[in-house]
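Engineer: I have a structure here, written as structure tokens, and I will follow up with some questions on it.
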Amino acid sequence: MDGLTYALTAVTTPSTVLAAAGGVLWGILGGALPGLSPSIAMALLLPFTFDMSPLAAIIMLTGVYIGAEYGGSIPAILIRTPGTNAAAATVIDGYTLHQQGRGGEALGLSLVAGTIAGLVGLICLVLLTAPLSALALYFKPPAYFALAFLGLSIIAALSEGSLVKGLIMGVIGLMVSTVGTDPLSGVTRFTFDEPDLLGGIDYIFVMLGVFAVAELMSKVAEKDGGDGGITKTVARVKLPSLQKLWELRRAQAIGTAVGIIEGPIPGAGGTVAAFLSYNETKRWSKTPEKFGKGSEEGVVAPEAANNAVTSSALIPTLSFGIPGSNSMAILLGGLLIHGIQPGPMLLSSRPDLVYGLFGGLFMSNIFMLIFGLLVLGPAIWLVNRPKPYLTAGIFMVVLSGIYVINQSLFDFWIVLAAGIIGYGMRLLKFPVLPLILGIVLGYMVESNYRRSLLLTNGEHRVFFENPLSLGLLICAGLIIGMAILSEIRRFRRSGVEVHG
Amino acid sequence: MKHHGIRGLLGAAAVAASLVAAPPVLADYPVQTVRLITHSSPGGGMDVFLRKIGQHLGPIMGVHFVVESVTGSGGAAAMAAVANGPKDGSVFYGSTPTHIITSLLSNPSVTYEEMEPVVNLFNDPQTVYVLTESPYQTLGDVVAAAKENPSSIVVSVSTPGSLDRQVMEEFQTLTDSSMIVLTHDGGGDAILSVLNGTAQVGVSEIAELRGQMEAGKVRIIATYTDERVPGIGDVPTAKEQGYDLVISKFRGIAGAKDLPPEVIAAWEEGVAKLMEDPEFRAWYEAEGLQNAYQTQAEAVAAREAFVTSLQAFFEKFDIN
Amino acid sequence: MRKATLAVSAALFVLAVAYWLAADAIPASRLAGQVGADGLPKLLGLALGVLSLLLAGQTLFEMRRAAAAGGGDDQDKGEDRLPGSWREHLRALGLIGIGVGYLLVLPHLGYMVSAGLLLAAVATYAGLKPSPATLLFAAGGGILFYLIFVKILQIPLPAGFWPGLLR
């Protein structure tokens with residue numbers, strides 16, 4: 001029972017409690033600012049942790065991570081701007097709900113769903129660290145490829161209305177992902193000797209363009225300054241009732257489970273988890289037709305997923321010393337500066353730290369709920385300002401946040417160009433999500449496909465011999481098959497209507 | 001709590017450090033504050049390295065150091081910040097092979113040619129490791145297995161443009177064997193591939209392997225160094241095992257071209273003292289870094305040699 | 001809308017060809033593995049080419065079907081119109097124009113002043129009547145953004161020519 005004692009010490013020591021509170025609050029604010037990804041929010045705070053005790057430092061950093069993954073949903077719902085990559089899936093139904101005057105409900109759902117998922121994820125972290133860390137080891141290149149391919153197959157399901165248009169956007173997304181350094185040989189592709197393109201195009205820029213800038217463009221296009229179709233202003237946050245939560249249990253469970261499973265897999269992360277769980281929830285939903293038109297499940301599932309990831313993503317970092325994402329790399333850096341080497345020996349050499357961290361994670365999730373409620377009031381007040389002020393303010397936030405990432409003016413041009421393209425896509429009814437999925441997953445699909453073939457000397461058999469890969473590919477096949485079937489049905493029906 | 005900003009705080013910490021250990025030993029350095037710029041993100045290897053230098057070299061040189069990370073463009077942004085900065089000894093770059101590789105592979109506005117090495121401090125030994133239960137004990141075993149069954153040996157290396165990748169491609173030419181060299185997105189992923197059996201052999205720096213080594217999961221079978229590396233068991237070098245491959249992954253300080261001679265002299269003298277500082281020494285030996293101190297003249301010559309070998313490699317394998 | 005879609009499919013086809021050609025120019029490296037660095041790009045170029053033709057075909061098919069169903073179908077006409085007018089789209093592009101202007105002045109005027117100008121410009125553009133309040137909003141906003149990003153977050157946004165005046 002030593003573990004419990006360590007955890008209790010952590011939650012009763014003022015310095016660690018303060019570290020968790022400060023970390024979460026900063027994380028929520030940072031996550032809500034577009035451009036400040038969770039990893040950048042953590043990096044900005046990192047130097048402050050140097051003088052703290054190692055436990056307080058790691059609790060503060062994980063607190064930032066948890067807060068930021070939640071904070072990203074606030075602008076996603078209120079201003080159609082995902083504050084973090086993982087909040088992209090929340091935009092669809094979250095912003096639609098807001099336009100319907102139900103933004104307060106959406107914010108409440110996102111907060112509560114995230115908190116529940118974070119706590120469930122924590123329990124899994126405590127109880128299932130061993131099997132979940134084994135999961136990370138099972139993933140070899142063929143399985144990674146299959147996982148990414150499964151993610152891409154969602155394009156077929158998310159291409160509302162037109163499969164061809166969805167596929168086109170998916171292909172363009174993949175094209176964007178090929179810009180930069182080739183994952184195997186190291187030659188540069190499509191960089192046109194522009195050093196800013198060497199590392200590829202960060203997908204947050206494309207997302208800010210096609211979501212936020214395109215939305216602002218539509219707003220100013222309307223003569224009266226535009227109200228973005230929002231009929232009623234939101235008065236305040238509305239937390240879901242227990243009954244409501246019970247109704248949404250399926251979305252909550254799917255989101256949480258997908259998040260916990262994706263978390264430990266290096267490279268997959270919150271964004272993929274959010275999209276996968278959005279799609280799965282839609283498939284198993286009793287009211288799939290509401291998705292995209294203001295579904296509560298469409299907010300709960302991705303938000304549960306990206307907050308569940310915050311717990312389980314810690315597993316490979318702590319048990320192998322191998323970070324699976326940028327955020328985890330910064331956490332690792334924070335530990336190394338304190339002279340702590342995460343790895344298989346960490347639990348036996350520093351149980352105080354590991355169990356203390358578990359206690360800290362518990363606190364952070366509770367603080368997320370409390371600060372979430374405190375922050376939402378001012379956030380709602382802000383979006384209820386007169387439209388000209390709001391439009392100017394959002395544009396300025398976007399144009400400032402971009403600079404944080406690479407500190408390069410070049411990125412601004414990418415965002416503005418993506419804004420024009422996003423605006424055009426809205427006019428011609430090209431779906432946005434396939435584009436995002438293509439960019440997010442392109443690198444993972446390509447590098448792992450080619451790694452697999454390198455390992456087998458060009459034999460494609462390997463994708464069907466690896467059980468994980470086979471299973472994931474079958475799932476992907478089912479998703480694609482169902483999408484094609486429904487497309488054919490839709491096309492026939494529309495033909496019948498016109499002729500009949 | 002966050003209302004001071006990173007740089008302000010780092011500056012403050014450096015000031016505090018220099019106040020604690022007061023007596024400045026060397027002749028007056030022309031400026032008070034020196035910015036050390038890295039392309040690595042906070043907490044990354046180079047960031048920690050520069051911070052340690054600032055901490056221990058500050059008192060010796062009588063200046064305070066501020067570490068700044070300028071990420072983006074594979075180091076090109078950081079290089080530009082240094083080369084276009086004031087040429088009075090107030091701004092330097094934490095240099096590793098990365099900035100030379102970036103310069104050669106892409107066409108950044110500022111390349112390594114606009115910069116000049118000041119001093120080199122360390123060599124980061126590249127090691128060959130296997131799982132503890134692996135049948136391979138020496139490089140010879142690995143080569144034998146690869147010759148017996150080509151493509152039965154998968155070697156896990158970090159990124160495509162990295163030195164560990166380069167050394168394994170050259171190793172195949174040298175031994176006339178054929179192996180599969182599997183590249184990854186970073187050093188961590190590369191270790192995971194060895195742990196899960198995708199690859200039989202891995203190449204890595206010692207610091208990244210430390211956790212797995214202490215847990216007894218992996219063991220090092222060779223190092224590509226001139227001399228044996230202390231602190232990792234008595235592992236023979238590749239050279240001792242009959243494969244004449246030495247890779248120098250240097251870590252040093254570079255600056256803009258044509259810095260005042262007294263600035264260079266201050267660095268050479270200061271770093272020479274720093275390398276003997278017991279605390280600093282304890283840190284770098286624990287990190288698995290080798291003392292590879294070089295004065296500016298030596299560092300410039302070493303860079304020329306490095307660039308030549310790198311260009312030869314890129315040409316041989318058609319990378320440009 | 002269908003005419004616009006046709007135009008877009010043509011543009012996408014051109015993009016596909018250009019992309020394929022650029023992919024073909026990627027140097028072949030011996031280290032690239034079984035599928036070269038140009039493998040996926042060429043496949044993507046091909047896929048986009050085929051898909052753009054499919055989109056054009058689908059649109060043409062729908063146009064013919066709509067024509068066959070009778071030109072007087074009001075509902076179909078309404079659905080076929082591009083949402084919004086050209087005036088509106090120009091207004092939307094104006095926002096990007098303001099953004100470009102901001103980027104052009106940013107390195108010279110510095111972040112605080114540029115931010116104030118952008119806030120004033122966008123607010124006016126989005127329908128605010130120019131008044132002392134606009135000025136207050138721009139000045140206050142510029143200072144606020146400066147404090148948040150430059151002072152608190154320590155992001156080295158361009159300072160402009162102001163520091164030069166102090167020398």
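Just so you know, glycine gets a Cβ as well, placed from its N, Cα and C.
Sharing the features that TrEMBL gives for it:
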{"type": "TRANSMEM", "residues": "A:6-29", "note": "transmembrane segment"}
{"type": "DOMAIN", "residues": "A:18-437", "note": "domain 'DUF112'"}
{"type": "TRANSMEM", "residues": "A:41-68", "note": "transmembrane segment"}
{"type": "TRANSMEM", "residues": "A:107-130", "note": "transmembrane segment"}
{"type": "TRANSMEM", "residues": "A:142-159", "note": "transmembrane segment"}
{"type": "TRANSMEM", "residues": "A:166-185", "note": "transmembrane segment"}
{"type": "TRANSMEM", "residues": "A:197-214", "note": "transmembrane segment"}
{"type": "TRANSMEM", "residues": "A:353-383", "note": "transmembrane segment"}
{"type": "TRANSMEM", "residues": "A:389-415", "note": "transmembrane segment"}
{"type": "TRANSMEM", "residues": "A:427-445", "note": "transmembrane segment"}
{"type": "TRANSMEM", "residues": "A:468-485", "note": "transmembrane segment"}
Engineer: Six or more residues out from either end of the transmembrane segment (A:197-214), which same-chain residues have a Cβ under 8 Å from its Cβ atoms?
Structural biologist: 34-35, 37, 79-82, 85, 88, 91, 176-177, 179-181, 188, 190-191, 394-395, 398, 401-402, 405-406, 411, 414-419, 421-423, 425-426, 432, 435-436, 439-440, 443
Engineer: Short question: most Cβ pairs under 8 Å with the transmembrane segment (A:107-130), which of A:41-68, A:166-185, A:353-383, A:468-485?
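Structural biologist: Going through each listed stretch, the top one turns out to be A:353-383.
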Engineer: Excluding the flanking five residues on each side, which residues at least 6 beyond the ends of the transmembrane segment (A:427-445) place their CB within less than 8 Å of a CB in that stretch?
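Structural biologist: Distal contacts: 85, 88-89, 92, 144-145, 147-149, 151-152, 154-155, 158-162, 165-178, 183, 200-201, 203, 206-207, 210-211, 267-268, 271-272, 275.
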Engineer: Taking the transmembrane segment (A:353-383) as the reference, which of A:6-29, A:41-68, A:166-185, A:468-485 gives the largest number of Cβ pairs under 8 angstroms?
Structural biologist: A:6-29
Engineer: For the transmembrane segment (A:166-185), could you work out the same-chain residues 6 or more beyond its ends whose Cβ comes under 8 Å from its Cβ atoms?
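Structural biologist: Tertiary neighbours of the transmembrane segment (A:166-185) are 152, 155-156, 158-160, 191, 197-201, 203, 206, 425, 430-432, 434-443, 445-447, 450-451, 454.
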Engineer: Which residues of the same chain, at least 6 past either end of the transmembrane segment (A:142-159), have a Cβ under 8 Å from a Cβ in it?
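Structural biologist: Sequence-distant neighbours of the transmembrane segment (A:142-159): 165-167, 169-170, 265, 267-268, 272, 275-276, 279, 282-283, 431, 433-434, 437-438, 440-441, 444-445, 448-449, 452, 462-463, 465-466, 468-473, 475-477, 479-480, 482-484.
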